[in-house]
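A.B. asks: Please see the structure below; I have some questions.
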Amino acid sequence: MKDILNALYHQKDLNDGEVKKLFTLIIHEKVSPVQLGAILCALKIKGESFKEISVAATTLLEHAPKPFNSGLDLIDNCGTGGDGLKTINISTIAALIASSMGLPMAKHGSRSVSSHSGSADLLENLGVNIEMNPMQLENCFKQTHFGFLFAPLYHQSFKKSAPLRKELFTKTIFNCLGPLINPLRPKIQLLGVYDKSLCKTMALALKALGVKRAMVVNGGGTDEIVLHDITHACELKNNKILEYDLSAKDFDLPPYDLKELQIENAKESVQACLDILENKGKDSHTMVVVANVASLLYLSHKAKDLKEGVNMTLEHLKTKAPYVHLQKIIRLSHA
């Protein structure tokens with residue numbers, strides 16, 4: 001531990017063995033709160049490398065139970081959170097719609113830290129059992145193409161270190177790790193990050209973890225694809241990383257103001273979700289979700305480009321099938 005701390009104090013990247021040792025100790029609660037605080041802050045100041053992030057994620061996954069084997073190339077659109085802008089739950093609503101279109105969505109998430117409503121909060125408030133046992137989860141997924149994996153059930157180190165991390169008043173490597181440690185190990189990911197500078201780092205981490213296809217995005221300071229501003233993207237395709245910017249024009253959608261996406265409380269988030277699924281949501285809410293679903297369709301080769309993905313999603317919403325789909329998820333999550 002002393003060698004690890006000294007390396008970080010001198011702003012040196014840790015090698016793979018040191019990262020694996022460090023996170024194994026963290027998992028087994030062999031690191032004191034003072035040491036953990038020092039390590040997280042030193043990593044933050046140095047800047048976490050993609051190798052440190054990917055090896056830490058691999059170590060955490062090795063200690064996380066895998067609830068079932070699907071035999072599919074699963075998809076996740078879990079983001080880092082932490083943008084503090086208190087918008088509707090874009091990625092969670094997008095995951096519900098995408099799964100109703102047949103995409104195999106394994107949604108990894110937790111409760112809110114910086115927003116009014118995290119993915120777990122929204123789903124729970126909608127009536128979904130977010131703490132499904134492995135049998136319930138597999139059954140729900142097989143019948144709906146949607147499964148929610150509540151992070152604290154699979155990663156105790158996150159849960160136990162949460163009070164300390166909260167007292168640091170800064171984002172740490174744990175924020176980056178959240179979207180990378182889905183126990184079902186999805187092969188396709190749409191991953192939002194709270195800072196544009198993380199896009200390339202996280203894309204490299206996904207590549208190192210063996211993800212086949214991904215897009216890491218930051219849209220106007222949010223960890224989502226947005227229509228009110230430029231979305232910076234790093235796309236992992238054919239084992240190469242392509243870096244580019246997206247705007248509303250790339251989706252053939254109109255721009256909307258960020259303020260229209262912001263909410264005052266969790267109740268508003270629930271209502272926004274239900275309205276979108278029933279195809280009666282505000283245009284600003286619906287269209288930003290549609291852009292994110294379109295990106296999932298593109299990444300999974302169901303749409304040839306983003307504009308086709310948008311048209312497919314808009315046509316699907318007209319059927320109101322996503323709302324019926326949600327009711328089925330709610331019922332099966334409690335079965």
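Positions of Cβ are set from backbone N, Cα and C atoms, glycine also.
Okay, so Swiss-Prot annotates it like this:
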BINDING   GLY79  anthranilate 1 binding site
BINDING   GLY79, 82-83, THR87, 89-92, 107-115, SER119  5-phospho-alpha-D-ribose 1-diphosphate binding site
BINDING   SER91, GLU224  Mg(2+) 1 binding site
BINDING   ARG165  anthranilate 2 binding site
BINDING   ASP223, GLU224  Mg(2+) 2 binding site
A.B. asks: How many neighbouring Cβ atoms, not counting its own, are there within 10 Å of the Cβ of ASP223 (Mg(2+) 2 binding site)?
C.D. replies: 27
A.B. asks: With the cut-off set at 10 Å between Cβ atoms, which of these binding-site residues ends up with the most neighbours? Options: HIS108, ARG111.
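C.D. replies: Result for the most crowded candidate: HIS108.
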A.B. asks: Between the binding-site residues GLY79, ARG165, GLU224, which lies closest to THR87 (5-phospho-alpha-D-ribose 1-diphosphate binding site), Cα to Cα?
C.D. replies: GLU224
A.B. asks: How far is it from HIS108 (5-phospho-alpha-D-ribose 1-diphosphate binding site) to GLU224 (Mg(2+) 1 binding site), counting Cα to Cα, in Å?
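C.D. replies: HIS108 (5-phospho-alpha-D-ribose 1-diphosphate binding site) to GLU224 (Mg(2+) 1 binding site), Cα-Cα distance: 15 Å.
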A.B. asks: Near the residue listed as 'anthranilate 1 binding site' in space, meaning Cα within 10 angstroms, which of the binding-site residues do we find among SER91, ARG111, ARG165?
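C.D. replies: Matched binding-site residues: SER91, sequence order.
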A.B. asks: Using C-alpha positions only, work out which of the binding-site residues SER91, ARG111, ARG165 is nearest to ASP223 (Mg(2+) 2 binding site).
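C.D. replies: Nearest in space to ASP223 (Mg(2+) 2 binding site), counting only the binding-site residues, is SER91.
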A.B. asks: Let me know how many other Cβ atoms fall within 10 Å of the Cβ of ARG165 (anthranilate 2 binding site).
C.D. replies: 19
A.B. asks: What are the non-local neighbours of GLU224 (Mg(2+) 1 binding site), defined as same-chain residues 6+ apart in sequence with CB under 8 A from its CB?
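C.D. replies: The answer is GLY79, THR87, ILE90, SER91, GLY192, VAL217, VAL288, ASN292.
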A.B. asks: Tell me, by DSSP, whether ASP223 (Mg(2+) 2 binding site) is helix, strand or coil?
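C.D. replies: It is coil.
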A.B. asks: If you count Cβ atoms within 10 Å of each one, which of the binding-site residues THR87, SER91 comes out on top?
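C.D. replies: Counting Cβ neighbours within 10 Å, the top one is SER91.
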A.B. asks: What does DSSP say about GLY79 (anthranilate 1 binding site): helix, strand or coil?
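C.D. replies: The residue in question, GLY79 (anthranilate 1 binding site), is coil (DSSP, three-state).
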A.B. asks: Could you state the whole-number distance in Å separating the C-alpha atoms of ARG111 (5-phospho-alpha-D-ribose 1-diphosphate binding site) and the residue listed as 'anthranilate 2 binding site'?
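C.D. replies: For ARG111 (5-phospho-alpha-D-ribose 1-diphosphate binding site) versus the residue listed as 'anthranilate 2 binding site', the Cα atoms are 15 Å apart.
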A.B. asks: For ARG111 (5-phospho-alpha-D-ribose 1-diphosphate binding site), which DSSP three-state class applies?
C.D. replies: coil
